[in-house]
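Note sheet for the following structure.
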Amino acid sequence: MKRLLPTPFISIAIAVTWLLLWDSLAPGQLILAAVLAVAIPLVIGGMRGKPMRLRAPGAVLRLLWRVGVDILRGSIDVSQAILGRTSKVKPGFVWIRLDVTHDHAIAALAGIITLTPGTLSAELTEDRGHLLVHALDMGEAEALAHTIKARYESLLLEIFR
Amino acid sequence: MSPHLAVVPVAGPIALGAVLLLLERFDIRLRRALGVVGALAWIGVGIALVVGAADGAVGAYLIGDWPANLGIALAVDRLSALMVLATALLGAGCLVYACAGWDRCAPHFHTFFQLQLAGLFGAFLTGDLFNLFVFFEVLLIASYGILLAGAEGRRIHAGLQYVAFNVAVSVLFLVALGLLYGVTGTLNMADMAERIAAAPPADLGLIRAAAGVLLVVFCAKAALFPLYLWLPDTYARAPAASAALFAIMTKLGLYSVLRVYSVVFAADAVADVAWPWLLPLGVATLLLSAFGAVAAASLRMLAAHLILFSAALLFVAFALDSAPAVAAGLYYLVHSALAGGALFLFADLVRRQRRHRGDDLTASEPVVQPTLLGLVYLVLAVSLIGLPPLPGFIAKFALLAAIPDAQAGWLFPAVLVSSLLVMIAMARAGSRLFWGDADPEPVRGGTPPEPARALPLAGLFALLGLNVAMALGAQPVLAYAQAAAEQMQAPAGYLEGIRRAEPGRGEVAP
Amino acid sequence: MSADTVFEAVVAALLVVGGAFLFIGSLGLARLADIYQRLHGPAKATTVGIGALLVASMARHALLDEGVDLREVLVTVFLFLTAPVSAHMLARTAFALDPAARPPAPGEPGTSRSGKGEAVTPVQPRDDRAGGRA
Amino acid sequence: MLEALLALPFALALLIACMTKASRRTIAWTAAVAPLGGLAILGLITPRILDGETVRSTVEWVPAVGLDLILRVDGLGWMFGGLVLAIGALIVLYAAYYLDPRDSARRFFATLLMFMGAMLGLAISGNLLQLVVFWELTSISSFLLIGFWKHRHDARVGARMALAVTGGGGLALLGGVVLLGRIVGSYELDAILAAGELVRAHALYPAALVLILLGAFTKSAQFPFSFWLPHAMAAPTPVSAYLHSAAMVKAGVFLLARLHPTLAGSELFAILVVSTGAATFVISALFAIWQHDLKGLLAYSTLSHLGLITMLFGLSAPMAVVAGLFHMLNHATFKASLFMSAGIIDHETGTRDLRRLGGLRKLMPVTSALAMIATLSMAGVPLLNGFLSKEMFFTEAAAAGDGPISDHLLTLVATVGGVLSMAYSLRFLRDAFFGDAPRDVAINAHEPPRFMRVPVEILVAVCVLVGLLPAFTIGPILEAGARGVLGPDLPDYDLAIWHGFNLPLAMSIVSLVGGLLLYATLQRRTDIHAKQTPQVIKTAYEHVIHGLYRLSCWLTSRIENGSLQRMMVLLVVAVAVMALAPFVQGHALGAAQATQPLPLLGALLWVLIVAGALGTVLLHHQRMKAVIVIGAAGLGVSLAFVVLSAPDLALTQLLVEIATIALMLLAMNFLPQVAAREPRARRLRDALLALAGGSGVAVLTWAVLTRPLDTVAGEMLARALPQGGGTNVVNIILVDFRGFDTMGEITVFAIAGLLVHALLRTAKVSPERAWPDAMRLTIPQVVVQLLLPLAIAVAVYLFLRGHNEPGGGFIAGLVLAVPLLLQYVVIGLGRPNPRLAARVLAMIGIGLLLAVGTGAGAIAFGHPFLTSAHGHPALPLVGHVPLASVMIFDLGVFMVVAGTILLALLSLARAAHPETIAGVGDGDTR
Amino acid sequence: MIDTAAIIALCLIAAAVLMSLFRLLRGPSSTDRILALDTLYINATALLVVIGVVFATSTYFEAALIIAMLGFVSTMVACKYVIRGRIIE
Amino acid sequence: MEIAFASAVGVLFAAGIYLLLRARSFEVVLGLTLLSYGVNLLLFSMGRLRVDAPPVLEQDVVPTLAHYTDPLPQALVLTAIVISFAMTAVLLVVALRGRTDGGSDHADGVERDAAPPPEPTDPRDLPRHPPRGGATEGEQR
Ligand code: NA
Ligand code: NA
């Protein structure tokens, strides 16, 4: 099994993508999806990344919900910042020490930070210990860092245990 | 004869080129053998096509079994068959020559070479204007391949200009094609000819403008004044076998002029769109290229200008737009491609036998085989100057004879004076190469150059032999050329041949 | 008001909102003072905007009785995957062009804070000249 | 038989050329077979010739252009051919002794025989074109013979000069002959000789005449083309004796005789020929007096005598023709013997300088005696053959009263010429054979080997015999020759030594006495030895040639200055002219029909495209910026395709755009990042050109867009589904209707990849900038590694869908290649992987084979190339699957596209480290 | 109603395109221009989606998908070029 | 729409021609890229401009030119795009080799007209505004 499906998550993603693309659940498509899900990771061989294991599906859903809400909420704030007087904006950087160590988790966190309006993950240190975040409206830097760690990183720690 | 023979010269070399690519990990001798076998096979196909076309039938081959105007039709008539054969002959000679060693230095050489042949064959055979463009591109990019693979230094820069200029010309080709499609709604040459003949007067301006742009395209490829500036440097710097094969590439431009302006723009309303320009420009090119030959500082530069010279003479011949003149031109075309190609091979031999002077026409350094090379040069020079009894003379004479009285007053002097200039240039070059004083201070050291080996000589002699054969067998060749010219002059037969071709599949399902 | 009308209104609203967010994102790109601020506009408002538009599009297909075209989910997914990466790379590019703008990481020379964790480096808004010299 | 006559010298020349091992003697004997055998054959037909018959033989060569091998021996041909062969035989004998052991006898005799064959062919040509063929052959072989001593500069110059002048004349002759053939309607000699009236009345006659005379005059070294002959004296003496006295230079006057019936008889002919001949006759004789080189003096004398003969043919009276032919023969005998004597003198004393020679009658009495007799014949002393023909010349000059040139003038010219001839003959005699012994030369000079002198003895004997008994010896030959020219017009004449005391005899006496006095006077009053003759014409020629060379270089370097910009400007201008021409000629641009309103999107894309294009122009100096900005224009174009109903195009353009940007940036790492501005004037010029070009294209496009369209595509739409088996018509066109285009297109693509690989594999390229250590991109890496498999799934989807929806092999290939590129960008290539390139190359090769193979597969089923087949076979579980042969074709496309892009990008990426992407075929290539 | 909304959306996107274009041409840094191009790609995706709505077709889905999936490749390549010079290491 | 389209094509051509006439290889590549955009649009438009009529056959719609735009030029343009991409790749690499082999990125292989641009110390730091007074850009550091 491990040899056939070295990266199960990616295989699932492939199958789902395939079925979405055809917008169909016909038997033929299911077979093809399965074939591709097995074949593609094998074909790309050395180019595939480290296997990724998702635990705690509940945490995944919670994270998705939080991110979704934050995106919507943040968007409005950012819109105000853009539409308003730009000189009022008080931007700034903040380094966040990371507790997650898994590459996928770091990437997910960085992605979430960027997708959530108002913040942007600008750089990861070489040792992957710190993430540089740029905030459009700085407010309290410590609070921002805390929010990020509490709202997202904790869930990610749960997921990428 | 199988009707599928028409597509072999295109599909065959592409397939062979791909196979040669896959065989690159094996010994180069395998690729050489396969390549040469292929080249000989294309000659065989060329002969078969010529034989098949000799009766005057226009063979239309419907690729994909679609009607000619929907799909792409190949059209084998006397002219295209002749061009295929000439290309195959020249190509075989060049390939044999290249197998002497250059193919080791140039990565993917054998693949490029076959694909270049495919491009040339395709361009000669196609009956579709856009497909002509595609094959132009195939042969061009393949020519970049055999020009630039393994190249260094100045050759790269010559290549850069060649590539850039040709890409620009290709853009123009597309502009012309676009406009023509936009007005006529078709791409098949025969179909387009009929639609142009029936075009409303309001469309004539656009059609003529498109035809004019297209003419610039072909003339740039064929190196007509003032669009020939790219040629001398490129050809003079190309590896021998490539330059030799390039001898037919300018001829492709000429072929296209002849084909397109005889078939597509044959209607009275547009018949005068090309020829009136070509005659004076051809004469200008003739003289300038002759001057360039006199000024040439190296044998290859001389050869490059002789390529120009031959193209110019062909422009004059074709622009006269009469069957005898075109016939003389076609005969000259084949001859000059073979002889010009041989001169490039010869220049390379000289270069290899003179360590320090290369093929420079300066103070002399003796070649290793003066008698052999001297004789070869003599034959080449006689042929290229147009001295008897070699084909150059026959062609030049036939052309002079075909010049109508009205134009004789200025064309005779132009042709004769330019020939004289070429003669002076070649005499000067030959006497400097073979009769010079020994170097006052010969440079010593290094391994002395070796005499030419059998393989390159075989390639060169094959081309020379063909040239001599063209003189001995001038009558059948000229008769064929005459018939081909008459076929070109009466495009109705071509149109009819394409129109008659029926696909094997049924009509549209209801 | 029938359900369909409500549905249509929602779709229309989504379209307008999506468009608006796109507009705002690009406006931010045009208006904001330095490159780091500008990065926020498109990276966010566009994501939201396109999300809205895609939902509208899917809904529209459903309205036309073509079933829900789930394929468009893929567009959103791919955008959400790639947009942060772009922004991340752009930020690093900006740092590369203007290394002085990058606050030193904890532990790096020049930092005032001992890698205690949440380090905040206040950064003044940068004008154009300083923001990017390339 | 005539064929054998002509073939003999050529065949033997070829044989000798192959005799690499043979001794000089064997070669010489072999060579002698040619003239002797030829004479024998000629002897066989002599009775028929003397009966007035014309012997003919025709071999077809190129009847299509009227160029056949027609051999035609009439009296003239017989006479001239015999002369060529007879002198040729003597020359071969002479040369056998003359040549130095270091000279290549093989090369000499082979070339000599080739020349002999050419001369013979000239003499017996029954077709004017064929005559031109042999004419030029004599030029070529004489070029080789004059330059025989190739190590000598004067020989090379002389050879080139001879070729330039006589070869050029040959081209003129070709022109003249073509005109003549055009007038007459045939190139056959019989027809042309019979058409004299027609020719002279024709409007083209003057042109034809001038061209033909150019040929004749250059060959016979007539004024002002005479300068090449003295310089040809750098040739070995046998060559001079043969070519420059007996044979080649006679070709010109032979041609005058040959075409006499056709060309002669007009005032123009008389004026041109007589004046040219007269000028050559007198001026050359005058120059001959001051020549210090033995051969030089003989050369100028030859010129003078050729002038004399030319003059005679110009006079056109039948008797003048007879005299001309007679003098042609006589001159050949005495001049050939004189040249041979000169060669012997040179051979024995080591010099040809008259200023250093002298008293040779004591050192080599026999040779001296022979030479003196020949000299006297040259001077026109009675009892020798030269006297007889010169006497005839005087007669004709004095009798030419009814011609366009005054007979008094001609009498005067003839007499003056005679005086000068006597004078230079005397100088030759005195300086060489009398007086003191040679100075500063090897004094052990003695008689030459026995057989070297034999040819001279024979020739001098002929001089004497003919001089004493003309009617018995030369009479029949001359008559036959003259009949060949004049036919029934042959006059009665008497070849006697004594015609009574008349004006010609008086002229002879005046010549001899006057010459004696002149020489004595010059000898006493001036120092002949100190004077150098001016070489005005030769200098002029050199100036012309040098000027020509300089002009050529200047012109060529001015035009071909190697500037790409110039090429491009000319291209743009040419197109502008050609596109504008029809509208200048009065064609209308065409009526516009109603246009469509511009939608908002259209306006937006217009702004995007225009801004992108103009932004690129404005920013082009800063290349990185320009690349980004040009991306906007590309995006605009893609979106335009979307709006204008071309989804396939939009997809392709988008993907190509991405790949292009990657390519440009990959390459730009090795190029300067900025460019200097060019001069303002040039920018302005280019801007104007650009404006003209752009607006021209815009107008043409607009004109097409606003007229109705009737295209073949309607039928394609109709047939796409039933016959092409798909609903994406663009894809069906690509893989089916015009699959052949696509095959060519992927060939182009494959070659591009291979070329990029070839160009970068062995090159040593280095980036413009150095960079610190590599950086890790952790976050992008994670995303990209997730994206790649998904993108592959999308590629497969697009590939399968292509036949019915936007997509297809090409797009799928790009969708595969671009994420792979991204993978390399983000993660790097990792360890060098030589097998990577091999795999990619194989992918390209197999792709091409698949595409062609699909086409060929159709042939196997008896259908034309690339005929598609499709069906919907049912598979278990899956159901009906649309399958078409074009999918295999499309798979080929897919493989080529993906492989090529990868190859190109990888090659560029690895450019600085060629070892990592190299690998395929390296064992062979380096 | 949907059509009107779509037109409004189109107008808004058009304005977005123009502003991105402004940043693209104005710069000043290369990062700004790359960012502008990236934004243009996203705007283009939006445009395709809205066009699909207006024309009631899914023909343009593939184009949108491709831009969403691969549009950022240009950005990545350009950024990598500015940062590293060598795009592929 | 036709005028706008034609004028956009014209602008692309004008810009392309201007860059094509520049002396340096990279500009020539840029020019040819713009020209290929222009010519692709031109070629494409020869089937006339149609909005919302992609040549992807739909059921119940008669496959005629009245309902679909002309597909043929689209196929031609696809070929043209592919070929121009191939040519661009080749040209770029030849330019690159010309630069590394000959030391110059001038299209003629030798510097003409103007001195070669001095390299900025850090090429990423380029002047934002072209300097006034005729100095070349490269001279500004
Ligand atoms: Na397709
Ligand atoms: Na392109």
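Each residue, glycine too, has its Cβ placed from N, Cα and C.
A TrEMBL annotation is a machine prediction, not a hand-curated record.
As recorded in TrEMBL, the features of this protein are as follows:
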type	residues	note
DOMAIN	B:127-421	domain 'NADH:quinone oxidoreductase/Mrp antiporter transmembrane'
TRANSMEM	B:6-23	transmembrane segment
TRANSMEM	B:35-62	transmembrane segment
TRANSMEM	B:82-102	transmembrane segment
TRANSMEM	B:109-126	transmembrane segment
TRANSMEM	B:132-151	transmembrane segment
TRANSMEM	B:204-231	transmembrane segment
TRANSMEM	B:243-262	transmembrane segment
TRANSMEM	B:274-295	transmembrane segment
TRANSMEM	B:302-320	transmembrane segment
TRANSMEM	B:332-350	transmembrane segment
TRANSMEM	B:371-390	transmembrane segment
TRANSMEM	B:410-427	transmembrane segment
Could you tell me whether the transmembrane segment (B:243-262) and the transmembrane segment (B:132-151) have 3+ CB pairs under 8 A, leaving out pairs under 6 positions apart?
yes
Any residues 6+ beyond the ends of the transmembrane segment (B:243-262) with a Cβ under 8 Å from its own?
79-80, 83, 86-87, 90-91, 93-94, 97, 113, 116, 120, 123-124, 129, 132, 136, 139, 143, 146-147, 189, 211, 214-215, 218-223, 231, 234-236, 273-275, 278, 300, 303-304, 307-308, 310-311, 314-315, 318, 326, 329, 333, 336-338, 340-342, 344-345, 463, 488-489, 491
Top stretch among B:82-102, B:204-231, B:332-350, B:410-427 for CB pairs under 8 A with the transmembrane segment (B:371-390)?
B:332-350
Cβ pairs under 8 Å between the transmembrane segment (B:332-350) and the transmembrane segment (B:82-102), at least three:
yes
Cβ pairs under 8 Å only, please: of the recorded stretches B:6-23, B:82-102, B:204-231, B:410-427, which one is richest in them relative to the transmembrane segment (B:109-126)?
B:6-23
Within the same chain, where does the transmembrane segment (B:410-427) have neighbours whose Cβ lies under 8 angstroms from its own Cβ atoms, ignoring anything closer than 6 residues to its ends? I mean 6 or more beyond.
283, 286-287, 289-291, 293-294, 296, 302, 305-306, 309, 312-313, 316, 381, 384-387, 396, 399-400, 403
Six or more residues beyond either end and a Cβ under 8 Å away: which residues meet both conditions relative to the transmembrane segment (B:6-23)?
30-31, 34-35, 38, 41-42, 45-46, 49, 59, 61, 63, 74, 76, 84, 88, 108, 110-115, 117-118, 121-122, 125, 135
